[in-house]
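Q: Take a look at the following structure, please.
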Amino acid sequence: MRLPDLNWRLAIAAMLLGLTSPLYPQPVLTTTISHSTFQQAKQLYDLGVEQYNQRQFSQALKTYQKVLEIYRHGKQEDIAKTLYAIGITYIQLAQYQNASDFLNQALVLYRNIGERHRICDTLNSLGAVYNHLGNYSQALSYYQQALAISPEVGVTADILNNIGGIYQATGQYNKALEYYQRTLDIHQKIGNKTSIAHTLNSIGGVYYEQGQYSQALKLSQLALANAQSAQNLREQGNILNNIGLIESELGQYISAIQYYQQSLAIRRKIGDYSGVGTTLNNLGFAYNHMKKHSQALEFYQQAYSVFRSIGNQANVGKTLNNIGFTYQALGQYSLALKSLEEALAILQKVGTRPSVGRTLDSIGTVYKSLGKYSQALEAYQQALVISREAAQRQTVRVILSNIGDVLAKQNQPKLAIIFYKQSVNVTEAIRKELRSLAPKQQQSYTVTIADTYRRLADLLLQEDRVLEAQQVLDLLKVQELDDYLRNVRGNEKTALGIDALPPEKQINDGLDTILNRQIQLGKKLAELQNIPLDKRNQEQVNQIAQITKQQQEISQEFNEFLKSEEVVAALAQLNSTARQQSVPLRLLKTLPDNLQRLNQNAVLLYPLILENRLELVLTTPYTPPIRRKVEVKKEELNRAIVELRQALENPDANVKVAAQKLYNWLIKPIEKELAAANAKTIIYAPDGQLRYIPLSALYDGKQWLVQRFRTNYITAVSLTELDTKPLPKIQILAGATTGRHIVTVGSAALAFSSLPYAGAEVENLAAMMPGTKKLLDSEFSREKTIPFLNNYTFVHMATHAMFVTGKPEDSFILLGDGDKITLAEIQNWSLPNVDLVVLSGCQTAISGNGEEILGFGYQMQDAGARAAIASLWKVNDGGTQALMSTFYAALRQGITKAEALRYSQIAMITGNYSEIAPQDRGILQSTRDRLPPKVTDRLSHPYYWAPFILIGNGL
């Protein structure tokens, strides 16, 4: 009988296995087994099948081995089916070399006797072996051979599913979806709900790996419904575990833990011990992310016990890696090293080289934490070779960054820059292909990606390589948005990554030569080590010893090259090359050109917050970027930001002292340069918590910054969209929410108060701007709004919105009927005709890194809108209505969006509306008259005029 399908998705990756000599060089054709002996063998075989189905794999293996001993002089078909049973049992025990050995012997016999069905099964199982070992090309070859036979034997769907898994593992997501869809079509025609659930879960996995978590969650929940309908507990356990993974990636760790616990209960109930171990590992991962390392350790230790009990050595090794990484997080470095070295020995023996590479990276990180930089570099270098060999680019990215960290700590900034640049460029290449950047279950992936960009920019600025630093700052804006939204593509400029200067390229070429030699040796060594010890001849033993010695010599060569005269000379040459900045100038020259074409006397300001200082990078239309260093620690800067934000949100507070402190750090150091450039517009790319403070509300001791400059903020999209002209005719769609609503977000119910002035805000807008389409309350619905957005040049939404740090799926805009649109949904909109989206009631909390604020602007621009206006805090008592009415009245005078926003803010500060057209002044006066006196008297306070920022194109 056919044994259950293999869980091919547990693949981890390694090298092509060399085939060993068969147990039976010539098939024995005699049939001298007595009837009673044959019956005994048959009963034992049936017992083995029962043990296998109950997931008692070690017992099943012993039973099958007894059967094989009886059948050794029997019929080829009996020998073949027993060899096959042993082979797939070894797969479940993660003993892949043994599995390959027995399955290949079975394949020879099945081909001799022409058993097409069994040939197909065996080819499929061999594909699973190589899939587990990460040799995807070999796995695909076996699967395709099986597929050619499958129509004859009726197992096409299973193999299509497996081929989809290979394409998923290699990041070819469109092909993966194509094969999964073909699989799903077959299962849906048959109506097999278990198989439908399995395939939907696989499709969800593709979206998960692409970072499209809402779609992944939708498919996983549909898969769960099918599995529950089929009453298939095994599939339910798998799917609940996968939903937990999605929730974990979304930062919803409590929810993830709840799903894991449900999965764990099912897997324990049905005796799916491998699944139990996997879910325990995932629970450990979730608790680690919650900084509850002691609880994480408990789950990892339980997983370790489970995998040891079932003999799954590969997962024992991976779990020991997780345990080691957790000990490191707890600062228990000796225990961390002990666990990681044990993991390394097991994984090297099992032959899963990518996991070996990740464990070496973890070992390097422990040595880095201990300040043992030579040992750290040695471990990282070995990890880099293995990870490049296996094309594990996400791991390569982390290791390159770690090497940069060590070199920086060794006071070798120029060398550190080289490795940081490589890490950044690997990240950008992955993003370009829309590969997932989110960390997986391997603990070595927990390095924050954006930190590498920040450290690289820090070193470049220290080395006075300002143009290169500016390019990294552009990339950093993209990466921080991607950390939040998980779907950011960047733009033409950022897609290029950051170029290596000629001396850096020379060093990279030398390093690549050394690493490539190591990779070739590693491949050869892996082939030899995959031959069992008792089957190696003396020549192979000598080759292993020789290659091992060569690897040690090349490892030493790597370290010596970094200290060589060639590298020293190249690094010395960097000083003059970096000053010339030839390569980055070629890439960045379009930015000053864009500033010139704006014809707005515009400059571009990038602040970069570092631990011990603030760096200001200013680009003008006619000069190279200018760098100014401000001696203020990050902690002190953040305290000042919180102090100013608190004052800004209180209309009774004195703001000027706190606003002048930040002015002295952000603007005063570049005052001379702003004057020399005759700057009138500051295009602003804020960093970190500076995103929570409107630049316009800084105070120079005499006046607010808005009284001197126009300001607009930029995102990854607007970096190349600075000078696109607006459409000539203003056509407005305006929606308002005035009533109270309760919105469910996750497990929380949020109550939103009424907005009595929102309706008047839209009515005023319609009075000033003829042809405005008004949608109030129930009319302001998803059905009557979203399909028509692109028919207008301006979209104005006077409603509640909430932007949640780290959770774009929980950040939303409230519609008038109580429905909500999440920030994640906006990525599917198409708004090429929209010049501006205004959201006049948003609120944020100063608790994160501010990426959620610019995330809204990015999503709108990525959908095609040229710009967005959002508020940093919510003003409920009519102040918003006063500012917005003035803004639209100013736009009617034919000025730019940035100038209109500035004018409306200055008008509220001074009370002077003389430049507004007479007919509009009447509407504005009426608006002010309807406000409570306590509001009218305080409209000059930045609480009322400062919260609104323009994100994107200011024209």
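From the backbone N, Cα and C atoms, a Cβ is placed for every residue, glycine too.
Because the structure is a prediction, the values reported are computed rather than measured.
As annotated in TrEMBL:
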| type | residues | note |
| --- | --- | --- |
| REPEAT | 41-74 | repeat 'TPR' |
| REPEAT | 80-113 | repeat 'TPR' |
| REPEAT | 120-153 | repeat 'TPR' |
| REPEAT | 157-190 | repeat 'TPR' |
| REPEAT | 277-310 | repeat 'TPR' |
| REPEAT | 317-350 | repeat 'TPR' |
| REPEAT | 357-390 | repeat 'TPR' |
| DOMAIN | 658-953 | domain 'CHAT' |
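What's the neighbourhood like for these features in this structure?
A: Across the repeat 'TPR' (41-74), the model assigns an average pLDDT of 90.
Secondary structure of the repeat 'TPR' (80-113), assigned with DSSP and counted as helix (H, G, I), strand (E, B) and coil, comes to 31 helix, 0 strand, 3 coil.
Across the repeat 'TPR' (157-190), DSSP classifies residues as 31 helix, 0 strand, 3 coil.
Outside the repeat 'TPR' (277-310), and at least 6 residues removed from its termini, the chain residues within Cβ reach (under 8 Å) are 10, 55, 57-58, 93, 237, 241, 244-245, 248, 251, 253, 256-257, 260-261, 263-264, 267, 316, 318-320, 322-323, 325-327, 329-330, 441, 443, 446.
With a cut-off of 8 Å between Cβ atoms, the residues of this chain six or more beyond the repeat 'TPR' (317-350) that come close are 12, 94-96, 277, 281, 284-285, 288, 293-294, 296-297, 300-301, 303-304, 307, 356, 358-360, 362-363, 365-366, 369-370, 441-444, 446.
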Q: Tally the residues of the repeat 'TPR' (120-153) by DSSP class, grouping H, G and I as helix, E and B as strand, and everything else as coil.
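A: Summed by class, the stretch gives 31 helix, 1 strand, 2 coil.
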Q: Going by DSSP, how much of the repeat 'TPR' (317-350) is helix, how much is strand and how much is coil, in residues?
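A: Result for the repeat 'TPR' (317-350), in helix, strand, coil order: 31 helix, 0 strand, 3 coil.
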Q: What does DSSP give as the helix, strand and coil breakdown of the repeat 'TPR' (357-390)?
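A: Across the repeat 'TPR' (357-390), DSSP assigns the residues as follows: 30 helix, 0 strand, 4 coil.
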